[in-house]
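**Q** Could you have a look at this structure, given as structure tokens, before my questions?
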């Protein structure tokens, strides 16, 4: 299911791949606090995210940034990452792993697959808001990438 | 052509005549036909001209009258004329005004009506100056005529020639046949004549010539007549007569020659020089060659020649064939059919003249076997005599004083180093052969011989050194006289005595050498005694052995020197016995006394030799064996020790010969094998053990010999008496004597059954242990895996709700804060604190679990640098709390896992920071100590410290000494430190007292 939180913005959407509804809500709120310019679309699990890739191929506009949780039901985040980073076109979309765990194993695997950034979600909500703001400012404003 | 040429002329000539006649008839006929054709043509032209001349006038008139009907009729009437086949009247417009055929009249164009025979008419043209033109048609079969009429009318006519010609030919056929018949008949008559009078006679002549050629010399020919053929026949008859006479003479001569050939006393053969085949042999040749005549004629001379003689003969034959020689003879052997060999003298004479190609030769053989054998026997005898003389070194000679003639046997020449084939030297020349020192004596003897002396001395002399090695010669002379006592000849021998003379000289030299040897022999003491026991000879070795100098000893009696009292008497008695029985005593061992009183062991032999004056000389030869004896005693002593050791050894020891026979064994081996050593010796493994066991023992023996050193193997052995099975560790060692020859294989076997059993038990235990370890390891690894997935889940799933709790509490505080009272806001604060505490706990737990399961790398870490790095990362906190850090950590290398050690240092610094927050100012002091291969780092704070009775508890997980409202914490930090230190092979301990601060010590391997 795709839910688009309408935001008064002309920027490309940010795709959040996350299964936990609490986390989705908090993440959206965290980004909302920063008066986000980019709309957020959401995929609830890995399969859905892979389904989206098919739609991008069919012409739908791909997102400017993907926020990816690792622990997902069915197809996990690393698998989604592998698909993204082996795709001839979509590999250019920056992927930021946004996860609770800081297990060495996940960190190594994600970087081996070519993740652009690996960020542990802070428990403290204030810091989470700050982190969200930094992510957005960095990836959607500062960073240049091929369109 | 060739087949025609092969025909005899008596057939060929008539045949040619008939053919000629036929050809003549045919040509004649052809000429006749051609003439008829010309005649017929002329006649027809003439007739046609006449006729058309007549018709011309009529036609002109009819044309002038324009009477067309009449014109047509006149033209049609032309058809009545013989041979005229076509006639057309062509009007000026080109249309046919008249024709033989009614249908043609009125046609526009003539080419529409004319047929194939008449087509040539179309091309006919009349020359302007003529009105009639006649010509032969192109195929020659008809005459074509064109007639110009008035008013442009033309008459075209064709008249056939073939028909009149055929009629003419038919009329003259008889004449043609007659001519031909005349020619043929004349030719036949001519042929018959030739055949009868010439060709048949010539044939008879040639048959007669052929008969003579076949050898029928009595053939005569009579063909009659007086022509050239008859003359030839007469000449032929004369020739045949003469030939017959010559042949008869030749036959006669040949018969005589044949008789001579057959009856000759020598073997004669005519031989094909190129092939060597016999073409003719006489009876004697067959007899000598030992083959039948037919056999020989099928053979060649090489076949019957002895193989040893063949090369020489072939070489001669080659020379003969090439013209190098004109004839040759040689002695050779023939092999007879029954295998016997005969010697023959062969003479070969060629039958071809010089310069011609070789064809045949005559071989004459003469049996010389008897002569040859006599020669051989004589030669053999001569050789035997010569050989006997040579072996004896004896020459024989004769001198006739009257004639001065000298005869020498072959050996004489050899003795004087002369060529055997030479003439013996006359008496005067002989002196040159004699040694210059002996010449005078020999010369006088020769003078006596010349003078015919009846007595002569046998004077020994030597050969001249100028003629090779000097020989000593001993002559003997026999004088042969006649009845009156005059010397007829001196006969004698001359013996080579060089060897005897040399031997004598050598003997003398040898005696000298022997004496010198005796004198100088260093170890052999030699003494000579006379029958009274007085010393006659005493060599240097004796002087050394007994201590008596040579000149002191000589002349003394034995009892004064080396033997005393009864021993001397026994010695004397012994000498007497030796003399009486001519014995040789010894070698025997004796104890003798040295001059200084010490005993010496000698090995002595005593025997006697005849002295010069008939008295025996007793020779004592002694070798000093004192040193050897002492060494032997030492060896014997050692051997006794060894034997005792050998016997008492708890191991089995035995020695086998290289062939595998037991030579010796010790008591233990006796016990195990159940045999006494004496019973064992000489037996082999095969006498004692089952075959396969014995095979294995033997193979180990051989292996030891092959490797040339120790060979160790384990083998099970059953004790013979008790049946007890023992595992024997056996060492096989090849034994060699001093020369390196294999003398046996030594075996040493030790009972290692108890050892083996212990080992087996140990092995079983080990296996069990390994299995248990592997089970435990598996269990542990399962547990680790479980723990790993557990902590993975914890790190993901436990944190998410915490974030929710904190997030929503925070949203409540922010968005709904104004609607909550103070208590509610405090509760929210507590919720958020709880979540934070929970998060810290989870993080610490995860760190602890990671420390437990992750594999550590042991690398070289610079302790000083790492401490600096940790302090730098805590710089803000340290500054915020105004902490003084005292002491430098020098650059010390320790073996540790960098990350683990980093974690340890962080925790301890954080700890020091936390518990010294109330100190004024907080001080953290660092110090290090190197103790051998251990490095100790101490981190001391001036915080609240703790009671040492809690020392162990503080390192246990979740154990805390303070309430969380005093000092926040999870109770994991120090547990983590201890775990990390343990895993890195180091240790941690603390020293403290309440209020005194705490000192944490880390010890690591350098």
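Note that Cβ sites are derived from N, Cα and C of the backbone, with glycine treated the same way.
Residues annotated as coiled coil in TrEMBL: B:755-786. The domain 'HAMP' annotation in TrEMBL covers B:199-248. For B:253-324, B:510-556, B:638-708, the entry in TrEMBL reads domain 'PAS'. Taken from TrEMBL, the feature domain 'PAC' covers B:328-380, B:586-637, B:712-764. The domain 'Histidine kinase' annotation in TrEMBL covers B:793-1006. Per TrEMBL, transmembrane segment is recorded for B:12-31, B:176-198.
Are these features on the surface or tucked inside, and what are their neighbours?
**A** The average pLDDT computed over the coiled coil (B:755-786) stands at 90.
In terms of DSSP helix, strand and coil, the domain 'HAMP' (B:199-248) has 36 helix, 0 strand, 14 coil.
Helix first, then strand, then coil: DSSP counts for the domain 'PAC' (B:712-764) stand at 12 helix, 29 strand, 12 coil.
Tertiary neighbourhood of the transmembrane segment (B:12-31): same-chain residues 4, 176, 179-180, 183-184, 186-188, 190-192, 194-195, 199, selected by CB-CB distance under 8 Å and a gap of 6+ residues from either end.
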**Q** Do any residues, 6 or more residues outside the coiled coil (B:755-786), come within under 8 Å Cβ-to-Cβ of it, and if so which ones?
**A** 714, 727, 853
**Q** Per DSSP, how many helix, strand and coil residues does the domain 'PAS' (B:638-708) have?
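**A** Final tally across the stretch: 43 helix, 11 strand, 17 coil.
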**Q** Kindly report the helix/strand/coil residue split of the domain 'PAS' (B:510-556) according to DSSP, in that order.
**A** 22 helix, 11 strand, 14 coil
